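Going by Swiss-Prot, these are the annotated features:
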TOPO_DOM  21-481  topological domain 'Lumenal'
REPEAT    295-307  repeat '1-2'
COMPBIAS  323-345  compositional bias 'Acidic residues'
REPEAT    395-405  repeat '2-4'
LIPID     Cys502  S-palmitoyl cysteine
TOPO_DOM  503-592  topological domain 'Cytoplasmic'
LIPID     Cys503  S-palmitoyl cysteine
COMPBIAS  525-547  compositional bias 'Acidic residues'
Amino acid sequence: MEGKWLLCMLLVLGTAIVEAHDGHDDDVIDIEDDLDDVIEEVEDSKPDTTAPPSSPKVTYKAPVPTGEVYFADSFDRGTLSGWILSKAKKDDTDDEIAKYDGKWEVDEMKESKLPGDKGLVLMSRAKHHAISAKLNKPFLFDTKPLIVQYEVNFQNGIECGGAYVKLLSKTPELNLDQFHDKTPYTIMFGPDKCGEDYKLHFIFRHKNPKTGIYEEKHAKRPDADLKTYFTDKKTHLYTLILNPDNSFEILVDQSVVNSGNLLNDMTPPVNPSREIEDPEDRKPEDWDERPKIPDPEAVKPDDWDEDAPAKIPDEEATKPEGWLDDEPEYVPDPDAEKPEDWDEDMDGEWEAPQIANPKCESAPGCGVWQRPMIDNPNYKGKWKPPMIDNPSYQGIWKPRKIPNPDFFEDLEPFRMTPFSAIGLELWSMTSDIFFDNFIICADRRIVDDWANDGWGLKKAADGAAEPGVVGQMIEAAEERPWLWVVYILTVALPVFLVILFCCSGKKQTSAMEYKKTDAPQPDVKEEEEEKEEEKDKGDEEEEGEEKLEEKQKSDAEEDGGTVSQEEEDRKPKAEEDEILNRSPRNRKPRRE
């Protein structure tokens with residue numbers, strides 16, 4: 001019965017899906033007509049005055065630092081005040097693209113959900129962009145941590161380009177209107193992408209204490225998958241934390257994606273090796289690096305035939321019956337005609353194109369039959385002596401180690417070059433990159449408050465504007481109607497099956513009910529009645545025996561305690577009868 005119900009349900013479900021698919025367009029038209037009617041009724045019932053637009057669920061208020069900061073800008077004043085556009089040219093580049101003439105503007109995001117929230121927007125593509133701003137005061141790397149944080153939104157996605165910031169080193173030569181790619185920086189931090197290579201840079205320039213030369217040190221790549229931050233067109237919060245104990249953390253949206261130590265997790269390492277390979281050392285001419293050599297005592301066997309071919313004709317093969325030896329595999333096309341403009345003087349004698357011989361279609365083959373080629377069992381190839389261990393093997397040669405003349409040990413790489421400005425020096429093939437809410441300070445609490453008042457509001461507004469789970473499922477199904485079938489099979493069908501099995505099962509047999517409830521059944525009652533009869537009969541026999549024993553006892557007392565031989569014989573017989581009555585063999589058979 002359950003199988004029939006299930007089969008019926010599947011048939012009904014399949015019919016409904018087909019009808020829904022066939023009538024999709026008609027349903028859409030009917031729904032649109034109904035909506036038009038409802039809209040007309042509502043418009044007729046509305047007053048003439050236009051209702052004011054609904055206010056956003058999240059109200060924006062420009063963030064304000066809650067403590068001392070080295071730099072903070074939310075751009076909500078609507079101008080580039082405090083920022084300086086570069087007028088420099090990039091060296092070693094064609095004049096057409098050497099200028100830093102990329103456009104910057106302060107504007108809201110194209111799909112802003114927070115009216116009034118503005119940011120710095122990189123407007124142009126395929127151009128060099130450079131803009132910078134002075135800090136309130138230079139940052140000195142002493143006993144306080146450094147925290148850098150800002151927001152990025154790739155509104156159009158990103159093909160190839162960066163959105164990283166540079167913390168420009170404090171030098172007498174620093175001129176922000178000449179900011180370019182060679183301007184000295186202390187730290188570079190932020191996202192960068194080209195092709196399918198998604199990066200989150202953290203680079204600092206370390207000064208060699210012996211030579212005074214600066215060298216870039218790159219943090220290890222994050223283990224997290226960064227692709228979503230570049231492709232989802234949402235605003236993401238990037239945070240760098242450097243501590244005086246040389247530890248660092250990189251966070252995206254307030255979650256750690258990379259961490260480590262400046263001494264252990266940078267490439268190349270901050271401190272060089274104590275020893276290096278001697279550049280003057282040379283490998284001896286007789287140094288043998290061969291682990292295996294040909295056996296010098298091996299001899300080629302006399303029966304080794306190096307000239308035997310790898311393939312030979314199969315001598316056991318026979319020509320298939322019906323093979324057409326006299327028919328060519330291809331013949332001129334009889335329907336082909338010489339083109340009218342064919343010039344035999346210029347083009348030569350015209351020949352019809354070749355086509356497959358139609359006579360060969362019904363035959364196993366045409367033309368000269370040849371035996372197929374097979375592997376030659378006697379083929380051995382060119383003989384080579386076997387390889388043996390080289391008795392003169394000395395291993396792979398390496399130059400000897402010597403003390404590194406350039407060795408130094410800097411145990412406090414956190415004490416970097418002070419910086420006094422922040423800058424964006426970028427090339428991008430995608431426009432409309434949105435930057436917002438830059439902050440540099442030494443207090444994590446201040447940075448978190450700034451993030452909650454800025455990025456936190458964006459996140460809340462995005463969440464309020466996004467549909468719920470059901471809404472997202474409906475939107476996806478509207479774009480891909482086949483998802484309705486998936487929803488039905490994964491949601492409705494299991495629910496129906498649960499109801500079917502729980503509420504419409506078959507009536508159980510009486511025997512099953514008996515096992516569950518211990519209620520007596522007809523055959524069980526009869527069996528119990530038989531048992532009761534046997535029990536009553538046994539009780540009567542026991543009572544009779546007891547009376548007989550009492551009588552015998554009284555007689556024995558009257559006779560002076562003697563027992564006759566007859567009574568002694570009767571007693572074992574009564575015991576035998578009792579045993580036989582209790583034996584299972586004497587019970588009545590159970591009636592089915």
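Backbone N, Cα and C define each Cβ position, glycine as well.
The average pLDDT computed for the repeat '2-4' (395-405) is 95. Taking H, G and I as helix, E and B as strand and the rest as coil, DSSP gives the repeat '1-2' (295-307) the counts 0 helix, 0 strand, 13 coil. Counting Cβ atoms from all protein chains shown, Cys502 (S-palmitoyl cysteine) has 8 others lying within 10 Å of its own Cβ. Cys503 (S-palmitoyl cysteine) falls within a helical segment according to DSSP. Within 10 Å of the C-beta of Cys503 (S-palmitoyl cysteine) we count 7 further C-beta atoms, all protein chains included. Residues of the repeat '2-4' (395-405) grouped by DSSP class, helix first, strand second and coil last, total 0 helix, 3 strand, 8 coil.
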